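Below is one structure; the comments refer to it alone.
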Amino acid sequence: MEKIMNTNYRSVNENSSVFDAVKIMNENRLYGLIVKDNEGKDVGLISERSIIKRFIPRNKKPDEVQIKYVMRKPIPKVPSSYDVRDAAAYLSENGLERCAVVDSTGKVVGIITLTDLSRYLSRASIVDVLLSHRTKDYKHLCPKCGVGVLVPVYDQKGEIKVFRCSNPACDYEE
Ligand SMILES: [Fe+2]
């Protein structure tokens, strides 16, 4: 995994705007960034796909929405000790195209993508991964109760108003 992952990743603060994140992505030709909180802890991952799924449907300006409402959280990750097949299985089972790679202390040491992995997989396993990941979606766990999943609530125009926790006993919205 050390050989395949991208160790030259960039990070961004969770309170920055989507506009700031896209600027960093474009300047560095990256399609995903690690997101950190104010204490410097790795809290999420923002990617072109999370921008499509959780930002565009809100119909807001890119400098009006903070990354923490758009990023994938908890941060999708695999240990650096995983082999290529394990990492590909993790991505495919969670409907992801990329995730963080962490060392034995839990620190992010790189980002791995399906494209990176596909160079090291057999043709048969690439087909498995590509076919399966299109049928699944990454689940955003509720940060309050940790049980429910955040689901979009739409208004009449079809814009996402908020994401609400699916746990009936929890009132979390964002
Ligand atoms: Fe919840």
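Positions of Cβ are set from backbone N, Cα and C atoms, glycine also.
The domain 'CBS' annotation in TrEMBL covers 5-64, 71-129. Per TrEMBL, domain 'ACP-type MB' is recorded for 137-174. The Zn(2+) binding site annotation in TrEMBL covers CYS142, CYS145, CYS165, CYS170. Under the heading Fe cation binding site, TrEMBL lists CYS142, CYS145, CYS165, CYS170.
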- line: Lowest 10 Å Cβ neighbour count of the binding-site residues CYS142, CYS165, CYS170 is held by CYS170
For the domain 'CBS' (5-64), the mean pLDDT of the predicted model: 95
Message: Same chain only, please: residues at least 6 beyond the ends of the domain 'ACP-type MB' (137-174) with a C-beta under 8 Å from a C-beta of the stretch. Say none if there are none.
response: 54, 57-59, 69, 72-74, 76, 94-96
Statement: Same-chain residues at least 6 positions away from CYS145 (Zn(2+) binding site) with a Cβ under 8 Å from its Cβ, in sequence order, are CYS165, ASN167, ALA169, CYS170, TYR172
Task: Using DSSP, break the domain 'CBS' (5-64) down into helix, strand and coil residues and give each count.
output: 20 helix, 16 strand, 24 coil
Field: Within the domain 'ACP-type MB' (137-174), residues counted as helix, strand or coil by DSSP
entry: 0 helix, 14 strand, 24 coil
Message: Counting by DSSP secondary structure, give me helix, strand and coil numbers for the domain 'CBS' (71-129).
response: 22 helix, 15 strand, 22 coil
